[in-house]
Amino acid sequence: MKRVFLIVLDSFGIGSSPDADKFNDVGSNTFGHIVEKCFLGEANVGRKGVLCIPNLVKLGIINAAKESTGQYPLGFNYSSNVIASYGFASEISSGKDTTSGHWEIAGVPVLDDWYYFKEKQNSFPESLLEKIIIRSELTGFIGNCHASGTDIISRLGEEHIQTKKPIVYTSSDSVFQIACHEEFFGLSNLYKLCKTVRFILDRYNYKVARVIARPFIGNDKLQFQRTGNRRDFSIKPFATTVIKKLIDEKQGQVIAIGKVSDIYGGIGISKNIKSTGLYELCSTTIHEMKKALNNTIVFTNLVDFDSNWGHRRDVSGYAKGLELFDSRLSEIISLVQKNDLLILTADHGCDPTWIGTDHTRENVPVLIYSPGIKKNFLGHRKTFADIGQTIAKYFLLTDMSYGQNML
């Protein structure tokens, strides 16, 4: 029986990538800086002390981080009791966004640029907004700028409730984000609007990676908070991913947990399970691992690392999240059978100590555990697509166009 358990720790970078200078991210190091702040006693909100992640250490994260940056994270040394193969990978996709990272992991790097809304104010062209307004029968939008999601709902949420005008905003990523109140605007209306925006972007050749629904609740700016009902309406993959190949060539199953299905536009997904919150995502993953049959991929994205702690530059929260995940990791490891593969990786960085609120261009860990495979150092992988190619080889699928087998 062959099964792959692929877990993406969203934004868990381990040191700036070779091309980080193109993104003004030289020196960024999501993992390393979290470890440093914990060691120095500067990440004690809701937790305390040095970062405690024994299971990640056992899988090789410390050794992988050292190979990525040339030095061990502060307070750690070489781990000799590692049970997994470990290495690190750099991205060849043009962007440092979720879609590019996940597609490249699945063997389809995004080599051409997405369309970006670069203007900080009046970010979306009036001609585009007018098309959306007419088709959606809206009276208008508010926002239309680069913004942090939590900041903009605090600033414009009350006006949105009064006017029923959706809040639209973007970032340095290729995204069109729409924030609406779940009660006063309606969750189904928000999803319908996002589908309309996705349709118009595609029709008029705006190569925008994602339209993101950002629902929130609360009665005033002191109470507004985003809910777990976020949805991503992604552009469809323009080549066959390894998850689609598994379904097509082996009649396999791909169980998508969290926002995975949205990232691939539902393509190559057999079953979509919506879970929210780090603990629940881990519980759902464990539940599906126990049920997984032959020729199955259980594919989980742990979004909280990115959305709750990375973008919000919350070092303590990120550290606490890593410790929570590590506490669930022992059970995950125990469920991996002789012919299974457990793969832990990330899609980009989002250093909570870095300037701004955006992603950071970083190397990502590649940790592969299987009781039936001899552990080794995987080296510096020159593309995330090596993960997709490794999965393709493991399931005896036809070769992917990018990447090399690591095993």
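Each residue's number is its place along the chain shown, starting with 1.
Every residue gets a Cβ built from N, Cα and C, even glycine.
Taken from Swiss-Prot, the feature Mn(2+) 1 binding site covers Asp10, Asp347, His348. With a cut-off of 8 Å between CB atoms and residues at least 6 apart in sequence, the same chain places Val8, Asp10, Ser11, Thr98, Ser100, Gly101, His102, Ile105, Asn301, Val364, Phe384 near Asp347 (Mn(2+) 1 binding site), listed in sequence order.
Swiss-Prot lists Asp306, His311, His359 with the feature Mn(2+) 2 binding site. According to its DSSP assignment, Asp306 (Mn(2+) 2 binding site) is helical. Sequence-distant neighbours of Asp306 (Mn(2+) 2 binding site) (same chain, 6+ apart, CB under 8 A from its CB) are Asp10, Ser11, Thr98, Cys350, His359.
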- Message: Cα-Cα, whole number of Å: His311 (Mn(2+) 2 binding site) versus His348 (Mn(2+) 1 binding site)?
- Response: 12
- Note the Cβ centroid of Asp10, Asp347, His348, the recorded Mn(2+) 1 site, then list each other residue of that chain whose Cβ lies within 8 Å of it, in sequence. Val8, Leu9, Ser11, Phe12, Gly13, Thr98, Gly101, His102, Asp306, Ala346, Gly349, Cys350, His359, Val364
- Cβ neighbour count (within 10 Å, all chains shown) around His311 (Mn(2+) 2 binding site): 20
- Note on the structure: Same-chain residues at least 6 apart in sequence with Cβ under 8 Å of the Cβ of His348 (Mn(2+) 1 binding site), in sequence order, are Ser11, Gly13, Glu91, Lys96, Asp97, Thr98, Ser100, Gly101, His359, Thr360, Arg361, Glu362, Val364
- Message: Fewest other C-beta atoms within 10 angstroms of its own C-beta: which of the binding-site residues Asp10, His359 fits that?
- Response: Asp10
